[in-house]
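Student: If you scroll down you'll find the structure; I have some questions about it.
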Amino acid sequence: NGDVDEAAVRRLARRQIAGGVHFLVPCGTTGESPTLSHAEKLRVVELVVDEANGAVPVLAGAGGYDTRAVIELVRDLASAGATGILSVTPYYNKPTPEGLFRHYGAIADGTDLPIVVYNVPGRTACNIAPATLLRLAEIANVVAVKEASGDLGQMCEICRAVPDDFCVLSGDDAFTLAVMALGGTGVISVVSNEAPSRMAALVDQAAAGDFTAARATHERLLPLMQVNFVESNPIPVKAAMAELGLLDPNYRLPLTPPAAAAHARIVDVLAATGLSRAGSPPARQRQASLAGT
C-alpha cells in the first residue's frame, strides 16, 4: 500500500551488519529520503537503531534547503537514537560559499552529534569548494565529508588539505579505491545495499594497504557500480534488490520502475557478478571477495 516496509528495513539493517559494514546510513538519498515524511524518517531511524543495538554507528540522513527545518529534523533524529548525521547541501537554493558555511554552522550549533557533510553537485547544483570545506572542518562536530563531486582533482585537493582527523568518504562507489589511495577513509555506498560483504572487503583491503586485492575486488564490482546508474539512483539498486528477493519493488512517485531494457541489463549484471536470489555470492566467490580483510 506504499507504506514503509518495517520488516524489510529491519532485515536489510541486519544484513548490512552481518556483511561487515562499519556504519549504517538510514534515510540517505538511496534510501528515498526525499519522499519520506518527517515521521517516516524518524521511524526508519528508530528501526535501524534498534537492529544495530550499538554494534555499529547509525548515521541518519538530514539535509535540505531550509536550514531551520534541517535543525529541527536533526534534533528529532538524535532523540530517535541516531549517533551521527549525514547532511546533503541545500539544493535548488544554490547558496554562496558563505551561505554554505553558515548553514552547516547553524546545524552544528544545534546538535552535539557528529556531522558528515554531503557534497553531490550533480544532484544539488551546489558544490562545496575545498576552501569552504576547510572552513567547515574547523567546526568541532563537522567530522567528515561524503565527496561525490565526480571531480578527481577536487578530491585530491581535499585529501591533501583537510586535517588528519577529518574523514574523506567517497560518495561514488567507483571512486572508492581512488579516494582511499589518496588518503580517504572509505565510502558511503550504493553497491553495499546489494553486496555489503564485497564492498566492506574493498574498503578493508584498501585500508590495509593491500591495493592488489582491492583492485581485484573493485574490478569484480565495477559492472554493478555502473549499472546502478543506468537510470536515476535509486531505481536500479531497488530493482536489483528486488531481483535478489530482498524487498518488494515499490516506488514512490516521481520515481518509477526501470524501463525493460534497463531492467534486463540489471539482471544480466547480477548474474555476471555472481549474486544469487538469496542476496549472497557463492561460497568460493565470497571467500575471494573477502581476502585480505
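Along the chain as shown, the residues are counted starting at 1.
The backbone N, Cα and C atoms fix where each Cβ goes, glycine too.
Straight from TrEMBL, here's the annotation block:
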BINDING   THR30, ILE188  pyruvate binding site
ACT_SITE  TYR118  active site, proton donor/acceptor
ACT_SITE  LYS146  active site, schiff-base intermediate with substrate
Student: Compute the C-alpha separation of the residue listed as 'active site, proton donor/acceptor' from the residue listed as 'active site, schiff-base intermediate with substrate', stating it in Å without decimals.
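Tutor: The residue listed as 'active site, proton donor/acceptor' to the residue listed as 'active site, schiff-base intermediate with substrate', Cα-Cα distance: 5 Å.
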Student: In whole Å, how far is ILE188 (pyruvate binding site) from LYS146 (active site, schiff-base intermediate with substrate) when you measure between their Cα atoms?
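Tutor: Between the Cα atoms of LYS146 (active site, schiff-base intermediate with substrate) and ILE188 (pyruvate binding site), the distance comes to 7 Å.
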Student: I need the least crowded one of these recorded positions (THR30, TYR118, LYS146, ILE188), counting other C-beta atoms within 10 angstroms of each C-beta.
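Tutor: Output over recorded positions THR30, TYR118, LYS146, ILE188: least Cβ neighbours within 10 Å is THR30.
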